[in-house]
Amino acid sequence: MERSYASRSSGELATAASGSGRPVRVIPLRHPPGFGSISSSSPPWWRAAVGRARSMGPLEWAEAALPCVAWMRKYRWKEDLQADLAAGITVGVMLVPQAMSYAKLAGLHPIYGLYTGFIPLFVYAIFGSSRQLAVGPVALVSLLVSNVLGGIVNSSSELYTELAILLAFMVGILECLMGLLRLGWLIRFISHSVISGFTTASAIVIGLSQIKYFLGYSVTRSSKIIPLIESIIAGADQFSWPPFVMGSTFLLILLTMKNLGKSNKRLRFLRASGPLTAVVLGTIFVKFFHPPAISVVGEIPQGLPKFSIPRGFEHVMLLMPTAVLITGVAILESVGIAKALAAKNGYELDSNKELFGLGIANICGSLFSAYPATGSFSRSAVNHESGAKTGLSGIIMGIIIGGALMFMTPLFTDIPQVDYEEAIFLWGIDKKDFFLWAITFITTLVFGIEIGVLVGVGFSLAFVIHESANPHIAVLGRLPGTTVYRNTLQYPEAYTYNGIVVVRIDAPMYFANISYIKDRLREYELNLPNSNRGLDVGRVYFVILEMSPVTYIDSSAVQALKDLHQEYKARHIQIAIANPNRQVHLLLSRSGIIDLIGDGWCFVRVHDAVQVCLQHVQNSSSSALKLASQASGDSADSISTPKAEKQRLKQDDFFKNLWKAHDGNADSGGEVQPLLRQNLV
């Protein structure tokens, strides 16, 4: 069983003659360029980057620096302008009341919400790569700002506002660094279940933190559900009916308009105009009836924000964990929805450019008194549904906010202050994803948003590591009538051959998973997979590794393969390698594994490897068969026994089954087809 197959030249087909003269035609596996050389033929990453930079023209440089150039030079004024105007006005009107309410949620004066929805929109329209993402203040970031800064300083002090603005500057710097260092791929490690569980729990916390405007009494500011509920129960004796009735009425108006806008495309504008409608009705009611139990926003400064450098840099280290957390939320909330909207609208989006655009928007916003801004799920969805085509819709939103700051702030004085379905879906689809959703949801509710994010991301990474360290490994068989090999669990009718195991490793091979791979290969030797072709030879003689899914192999895996080869060699088992990619083949060659296994045991196709293994089994079995036949003949001369006759027939069947197999097709008419065809290429 240890005889090696003859080496083949790269330019011609080789044959291996069997005892009966039937050849096996095999496609030669060519050595990759750079084989035998110490240095790699691939240029260093920096040299490739320099080469790409030199090949870029002025227009490509302009698009790289200013993503808005990509849509501006292809802008269709007749088709796109009307859609962008409609979307920009719709979302801009929606943003005015939202911005003020989110600022109150952050513990800031409502004017800072309008500032956050002004300058960042213009900057993002120029530097951002998404054409539908609506940037500005969002509820989740506002709650994070309130939760962290509230533990440092009193929200009524000037330092509180300065630290909120400084946070925007720090978040912007972090986002720009992540974009420049090309760390946008980090979003791939965050499961959708974690995002869903986190946002669902955050929505509950945000809702409870704002219930004070319905109940008419103060509620403890916290990102944890237990202190919120305790505070709500403790102040129940201060309950006031007027704000509860007004709040419930406005909530009913909002929900009704939102549902009408979703269910009827013609009434789509109602979804966006719901918040403004509630604000207008509430303002009119307070203006005419002056109810003493209902608090109002108060005076709002008129005019555009002035340029100023953020202050409070001595608190940078204290704010750094929060800045990192808000940056993480920006990745989850902004980049995720931006990529989804880009896919729906048929253009590519670079996560790194997106992070850089958000960073520049936050840095510039902080210079004009804005607190951290990011992309909004709800406003981006409305922007997309309203037909936004380009970043011009964001510029129009900014113009509306600017108009509100210039001319409408006196009208805001009397404004009153006012996903279990995902869990069910995940339970039915994947219990692991449901577990991630549940652990993130519960942790965020009980321990707060910061701990919820860390635990959710931690469990997400743990699942990634587990999946990477325990990759999928499949036993392959040949589909009847073809030379195609597929997973036998998926195709039970596939042909498998006794004494030969074909294994496909569906992952890179590296230090974290090589022990698991070795253990699985040993299992196949000890617990022989059921085979349906050939006489049962009782053990494995050949292990064929299908390596086309293996994109990478490291030094630990190389050493493990060498150890495995030595173990197999001691038990007369031959390893064969099929279809390695260029990089893997080059590394196996340089590490000496190809020489150790034998150059003749590397193949282009699994089918070639199986045929050569069958050829060796046949050659070895043919010699054993002659000896067995002679022994049977000598025994017959002396005495003929039923046992000897049965053994002879069994050996004859073994010989035939090695060379022939029933195709099993209706077209074949039950005829036996040879496995080793002379005209096979």
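Cβ from N, Cα, C; glycine included.
Please treat TrEMBL annotations as automatic predictions, because they have not gone through curation.
Feature annotation from TrEMBL assigns domain 'STAS' to 490-613.
Residues annotated as transmembrane segment in TrEMBL: 81-100 (among others).
Within the chain carrying the transmembrane segment (106-127), a Cβ under 8 angstroms from the stretch's Cβ atoms is held by residues 66-68, 95-96, 98-100, 133, 135-137, 141-143, 145-146, 149-150, 155, 160-161, 164, 168, 221, 297, 300-301, 304-305, 356-358, 360-362, 364-365, 367-373, 391-392, 394-395, 397-398, 401-402, 404-405, 409, 412, all 6 or more beyond its ends. Positions annotated as transmembrane segment by TrEMBL: 106-127 (among others).
Taken from TrEMBL, the feature transmembrane segment covers 134-153 (among others). Distant neighbours of the transmembrane segment (134-153): 91, 95, 98-99, 102-103, 105-108, 113, 116-117, 120-121, 124, 128, 159-160, 163-164, 167, 199, 202-203, 205-206, 209, 221-223, 315, 318-319, 322, 325-326, 329-330, 333-334, 358, 361, 371-377, 379-380, 382-383, 394, 397, 448-450; these residues of the same chain sit at least 6 beyond its ends, with a Cβ under 8 Å from one of its Cβ atoms.
Remote same-chain residues near the transmembrane segment (159-181) are listed as 106-109, 112, 116, 145, 149, 152-153, 310-313, 315-316, 319-320, 322-324, 326-327, 330-331, 352-367, 369-373 (criterion: CB distance under 8 Å, separation of at least six residues from the stretch ends). The transmembrane segment annotation in TrEMBL covers 159-181 (among others).
Positions annotated as transmembrane segment by TrEMBL: 193-219 (among others).
Feature annotation from TrEMBL assigns transmembrane segment to 239-257 (among others).
Residues or ranges marked as transmembrane segment by TrEMBL: 269-289 (among others).
Per TrEMBL, the feature transmembrane segment maps to 318-343 (among others).
Residues annotated as transmembrane segment in TrEMBL: 355-374 (among others). Taking Cβ pairs closer than 8 Å, the transmembrane segment (355-374) reaches residues 67, 103, 106, 108, 112, 115-121, 123-124, 127-130, 135-138, 141-142, 145, 164-169, 171-180, 183-184, 305-310, 326, 329-331, 333-335 in its own chain, all 6 or more past its ends.
Within the chain, the transmembrane segment (394-413) has long-range Cβ neighbours (under 8 A, six or more residues past its boundaries) at 84-85, 87-89, 91-93, 95-96, 99-100, 110-111, 114-115, 117-119, 121-122, 124-125, 128, 133-136, 283, 296-305. Annotation comment: TrEMBL describes 394-413 (among others) as transmembrane segment.
Per TrEMBL, the feature transmembrane segment maps to 434-465 (among others).
Averaged across the domain 'STAS' (490-613), the predicted model reaches a pLDDT of 86. DSSP assignment over the domain 'STAS' (490-613) gives 54 helix, 23 strand, 47 coil.
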